[in-house]
Every structure is written in structure tokens, then in C-alpha cells.
Amino acid sequence: MENPVRINTLYNVFVERYIENLSIYSIPINSTCGIHIGEIKGTFKRCFLKILNMCINDKELSFNILIKTLKDVTSTLSQKEKEELSKEIGIDILNNDPKYVPEIIRNCSSSADVTNIIDIQTLDVGKCIAPYDKQILLQIVNSGTAEANCVMNSIMNSMNRRYIDNANIYNYLNLTNRPWFIFSIIIIAIIFVIGICSIKRRIGIKYKYGTFLYV
């Protein structure tokens, strides 16, 4: 029997971009933070759980990175899809007001109990159902504050239900955020063109010399 194929969800892309944003901003991460899952609720079929301890002591910074990552990942989605996600998560993706405080952040801030060691008693994964002979890797990110974990849980519940074709995954991980990558491609293309022109020139010279030597 063949091993099941792992499929990506929009939430997987979100986690990858979130980790990337943490590295871009050189944010100090504490990987020794604690996490405890007392109960897992929801539908969980052919899904595998992975916990990532990436704790940030700054609550406001955690929220800002979460919102930026959400906007990065959803930038290629249609207007309708953005509106659906905004409603499900509780964050208006289309709102660019720097003073805007999303509803989900207010709710999480008012209900969360902040401690030095994050203790998640109940984890609600919503619906995590992979198609038959497929698998989904569900990554739980412990961001270091109870409030940010609450927001992350809402994002996970919404995005984990949206499958992504692996062939199109780079449409979501926008390459324009990697100028060095684009610059490298341009340099390689220039070198390639110069190389082709040089080969043609050498062939032309050899043929010209040949006509004088052998005719």
C-alpha cells in the first residue's frame, strides 16, 4: 500500500509565512515556553499534529506579526474569499487603518488568562478532514501569549479547511518579498544570454577561418 500524500492547506502556508516574518524582523524567539493541551475538540481525520514553540514576550508585536502574515497570505485571494475569511476569523483583512483593532483581538484579550507558561486546556481544531489517501499536517503555534494563541486558533480553524494545489503554492508565498531571489534570476538570465551570443560568435569565426583555410 502506498504512503498517503500530504496536502497543503492555506493554514500551512500561513505558518510558513509567519515563521519567515519572524526571521525577517529578527524577533527574539523563546523556544522553551511550555504548552499543554488538555483536550482536543473537533473533527480530526487523517490529520497529524505538530506543536511549534515560537514564543514572543511582546503581546502587541505578536498581534502585528499575525495580522501582517494574514494579509501577506491572502493578498492573492479574490475579494469574496477575503471577505469570507475576514468574517470567519474576526479580522478585517481589507482594513489598512494602523489604529484598527480587530474584533477577535478584543475578544481574546478580554477572555485570556496570561501566564509565563502558556497552558492551553482546550484546543478546538474545528474540522480537519483530509481526503481519502491524503494527509494534513496541522501545526499548532505557541506564540507566547494566551491572547495571540487565541487569535492563532481562530485563524487555524478557518484556513485549515481550504486546500491548496501544491503546484500553485508559490502564488501564496509571494516572491516579491525576496528581492535577492529576483536579482539572482536576472543575473543568471543575463549570463545565459551572453553565453549564447559568445558561442554563436566563436562558431562564426571558426567557420570564417575554415573557408580561408580549406577553399
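Backbone N, Cα and C define each Cβ position, glycine as well.
Which of CYS128, CYS150, CYS197 pairs with CYS47 is settled by Swiss-Prot: its disulfide partner is CYS128.
Comparing C-alpha positions, CYS47 (disulfide bond) sits nearest to CYS150 among the disulfide-bonded residues CYS55, CYS108, CYS150.
Around CYS108 (disulfide bond), the same-chain residues at least 6 positions away in sequence with a Cβ under 8 Å from its Cβ are ALA146, GLU147, ALA148, CYS150, VAL151, SER154. Considering only the disulfide-bonded residues CYS47, CYS128, the Cβ with the fewest other Cβ atoms within 10 Å is that of CYS47.
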